[in-house]
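These notes concern the structure reproduced below.
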Amino acid sequence: MVPEMSERQVFQASELTYLLENCSSSYDYAENESDSCCASPPCPQDISLNFDRAFLPALYGLLFLLGLLGNGAVAAVLCSQRAARTSTDTFLLHLAVADMLLVLTLPLWRVDTAVQWVFGSGLCKVAGALFNINFYAGALLLACISFDRYLSIVHATQPYRRGPPARVTLTCVVVWGLCLFFAIPDFIFLSANRDERLNAMHCRYNFPQVGRTALRGLQLVAGFLLPLLVMAYCYARILAVLLVSRGQRRQRRMRLVVVVVVAFALCWTPYHLVVLVDTLMDLGALDRNCGRESRVDVAKSVTSGLGYMHCCLNPLLYAFVGVKFRERMWMLLLRLGCPDHRGHQRHPTLSRRESSWSETPSTPR
């Protein structure tokens, strides 16, 4: 998965020459990799391209700023509290890094969408792989956080505290390794190519339809369904425990639990549904026509933008909602020399093993 405009198939000059010389019938854009001439000419992309150029550059610029600032703040707070960092905090730190690295690629895709790809094939492969690595890492780290909370609340166990401190780091290394493996197709098949219809260079995949379908299947399973199922199961069990709890603290924590799954599902479900429709059209299971293709292209742009917004929501959901994170943020600002406008002689102090996840305030000593 790379930003949607760059995922469209390249229409090479050699393909155009072959079609003009060998096809008496018209050409089916959905099957441009096949050796046969097909039933319909390539559809005009004016509507979707104009929409992309008006909508995506502004969105990518906004997400770049918000994602960098929000996740940078999370990373700064968690790094400043290394001695008090819990396993959940370590996962949150890796999640913030993944989201920051993802949004750092958005300026490149902004140029690709607004003008053309001017950075060469090497940077095309690196940017696409970096984008995908952090796309998968964000989803899988959310699943790790869910499982960690599940063990802590439902089974009252802290698996990462009983073993060596490196155990949680090893889990994160495994996650990053899997994501790097999933990004291998980007290093192989992404390149800067000239689209003769658009008369512009773009960073796009070059592989047959079966490869495109397989890659989309991997994205759907590893980047969405599997993490969502893990989160749904873990948080369903957590909710069952919290609902029978009479403590006000646990009832407050339940709100955050619900928001976590709902936000992930709302941000990414529309995109994967649209991609599923597009894939079914590619496979011939749904009829393809120019009007439907144009609507699907626009829908992919809108829903992919909604998905990328999840990178900006993570700091809000996992940190800024938490009272303890705000306390840690305030303590960091005080150490950096910011004036204290709260009028308190004493500032809240956190337990050395309290997670930034918590919604409940700590008690001043």
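In case you wondered, yes, glycine gets a Cβ from its N, Cα and C as well.
A quick note: this is a predicted structure, and the numbers were derived from the prediction, not measured.
Reviewing C124, C144, C267, the cysteine that Swiss-Prot connects to C203 via a disulfide bond turns out to be C124. Under the topological domain names given by Swiss-Prot, R288 lies across the membrane from E327. Annotation for the disulfide-bonded residues C124, C203: lowest Cβ count within 10 Å of the residue's own Cβ, C124. Averaged over the topological domain 'Cytoplasmic' (79-88), the predicted model reaches a pLDDT of 77. As a summary of secondary structure, the topological domain 'Extracellular' (278-301) carries 17 helix, 0 strand, 7 coil according to DSSP.
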